[in-house]
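Engineer: Got a structure for you, questions after.
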Amino acid sequence: MSQHAPAHSLLGLPKAELHLHIEGTFEPELVFALAARNGIELPYASVEELRQSYSFDGLVSFLDLYYECMAVLRTERDFYELAMAYYERASAQGVRHAEIFFDPQAHTSRGVSIDTVIDGLSRAAADAHSTLGITGGLIMCFLRDLPVSSAHETLESVAHRVGDLIGVGLDSAEAGFPPSLFAEVYSRAAELGLRLVAHAGEEGPSDYVWEALRLLKVERIDHGVRSLEDSDLVDYLRENRIPLTVCPLSNLRLGGHVAFNALPALIEAGLFVTVNSDDPAYFGGYVGDNFTQIERVFGLSQSKLVELAQNSVVASFAPDSRKQQLLAEIDEWIGVNQGSQLSARR
Ligand SMILES: [Zn+2]
């Protein structure tokens, strides 16, 4: 188990994070520090004023701020420090394996080379492994609200270094940008040996989840909460044990209580659910905080919370030997926390 997280709490429960946008871990203090270092003027007078603006009425309003803050990310060191700060926070919340999303087009469009981005994030991933024992790696996301040609160009631009990536994903504004648009680029990514995931069914309809499965051939669905609108899809997801990387606090902040309450319904439907933080700097909590919140609000039992952590390990792209190690760490945690009142322990 991580020596950085309190053993006697949910934060200490070993877990994998499978739905985390590294640019969504950009805390206001670091935004200001990098803006100063890079000589970039921010349209905010203080960290507090920027933090005050971290409130949204939906995905697109969040994305506006998410892309605005990224403007200060310029150098390999900036990406390294952004990711290292996440790994340190994640380690304190029991994360032992993290497959992190990044949005290269949001940086190359600003003149930052994709190699600068991948170099910084990869160096952080290597240091997180050597200093914190966190395994995992990088999932490169295509921005679905940009031309498909841009996704093809982005993929070809990393063909020489696919060994630095785990897989590809699809994110940004979902409504009006169906997965089917990206079938060819996903087929090319598979040819390159990359794993395949995609955001679908967050604000887009359940049909987008079908398309991601059938046309993109994804192995996991990111969010997927609107799958509940289609009982045939729920049956398919359950029968085929397709992992859903659900983000409760993100759903709450962007979709309100209806979206937030999808989690217990998905669990009740017998789906293969994992719990993740999505963009923790913006949505009020890292992955351990998500576990704490769903335990408090939904009254999930310790055994159910453990199952969610086990799901995150099994649904990961880690090698089987690493999965066995992490499942053994979870068993160790159970031994230490058998039947304890989790909410009483912080
Ligand atoms: Zn996301």
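Each Cβ is built from the backbone N, Cα and C atoms, and glycine gets one as well.
Remember, TrEMBL labels are computer predictions, not curated facts.
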Engineer: Please state which member of Asp115, Asp119, Asp127, Asp278 TrEMBL lists alongside His19, His21, His199 for binding Zn(2+).
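Structural biologist: Of the residues offered, the record points to Asp278.
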Engineer: Could you give the Cα-Cα distance between Glu202 (active site, proton donor) and His223 (site 'Important for catalytic activity'), in whole Å?
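Structural biologist: Taking the Cα atoms only, Glu202 (active site, proton donor) lies 5 Å from His223 (site 'Important for catalytic activity').
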Engineer: Taking Cα atoms as reference points, rank the recorded positions His19, His21, His199, His223 by distance from Asp279 (substrate binding site) and give the first.
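Structural biologist: The smallest Cα gap between Asp279 (substrate binding site) and any of the recorded positions is with His21.
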Engineer: Can you give me the average pLDDT across the domain 'Adenosine deaminase' (14-333), rounded to a whole number?
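Structural biologist: The predicted confidence over the domain 'Adenosine deaminase' (14-333), as a mean pLDDT, is 97.
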Engineer: Please report the distance from the Cα of Asp278 (Zn(2+) binding site) to the Cα of His223 (site 'Important for catalytic activity'), rounded to the nearest angstrom.
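Structural biologist: That separation, Cα to Cα, works out to 9 Å.
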